[in-house]
Amino acid sequence: MPSASVIIPAHNEARVIGRLLTRLLAEAAPGEFDVVVVANGCDDDTAGVARGFGVRVVETPVPSKREALRLGDQAASSHPRVYVDADVELGTADLRALRDALADDGVAAHGTAPTTAPTAAPANTPAVAPNAPGLAQNAPEAAPEASVTAQDASGNVPARVATPLAAAPERALVLRDRPWPVRAYYAVWSRLPAVREGLFGRGVIAVSEQGNRRLMDLPPVMGDDLAASLAFAPGERRVVREARAVIHPPRTLGDLLRRRVRAVTVVAEIEQGPMSGQEARTGPRDLLAIARRAPWLLPHLAVFLTITLVARARARRAVRAGDYTTWLRDESSRD
């Protein structure tokens, strides 16, 4: 029996799904993982590319990530479940590290030894400081503006558990060839405490069987990764230092703004729903703390504030209309 199921919702991802599957399966033993790609509402060859890797493919005409996740769960055969966005990169060793983190005492099910080192990033993406033009460690790709206190679906904050119910990898953000305003934005964003500690904005979330049941009880929202992160208290979730997801951010300032508008809308939807009552916005205190610790980032803070204010202004129309379904997708990061 596979030691974990991997569910990949994919909407018109023919350009990038092969990149993910190549690294994900590079060192996997036959039958080690149950990989399910859910091609939803595609008018490209996403399904055909995925089938070329020998993974299972589920197709639906409905272009909905939530529906794709539901169908993937129905098709999956094993736990833990690892949900992976098609536009990130995750290696075999990273996947094993996430699986092992959800097993008792760090030992994977079925006798597989725990992984101790992440899969290396591609040779042309060196790891550097968050404000440098290469690959930034622990930087978010498009995480919502969150500074949150997690709770379960009943509104309670559970006690700490020895084995986490949910896990996610460290972030490695590819910033080379991005304009300075994009790099400046993420130099600030990557230093926000909630961004460093939350499971959102990583493109990958792994859950145990118990954790998966909790996710299934969540209300439908556009920001599925933020909602998933909020569903688990700090003691129930873990950022796995031995795993790393490579994230490809927007290539233009305009595309970054589109993502930020979506992020603001996500936060507004969550604040108005059953998970309301949690502080979900970056506050002045967070930014002042960054300025005190790293005064050389003052120009970057100015860029961050400008982008944030513009995104909030543009999101007001959608929030007033209650439009929480329009998905502002960034195509530039898929080139």
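A Cβ is built for glycine as well, from the same backbone N, Cα and C atoms used for every other residue.
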Looking at 109-146, 223-260, which one does TrEMBL call region 'Disordered'?
109-146
Pull the DSSP breakdown for the domain 'Glycosyltransferase 2-like' (5-107) and write it out as helix, strand, coil residue counts.
39 helix, 24 strand, 40 coil
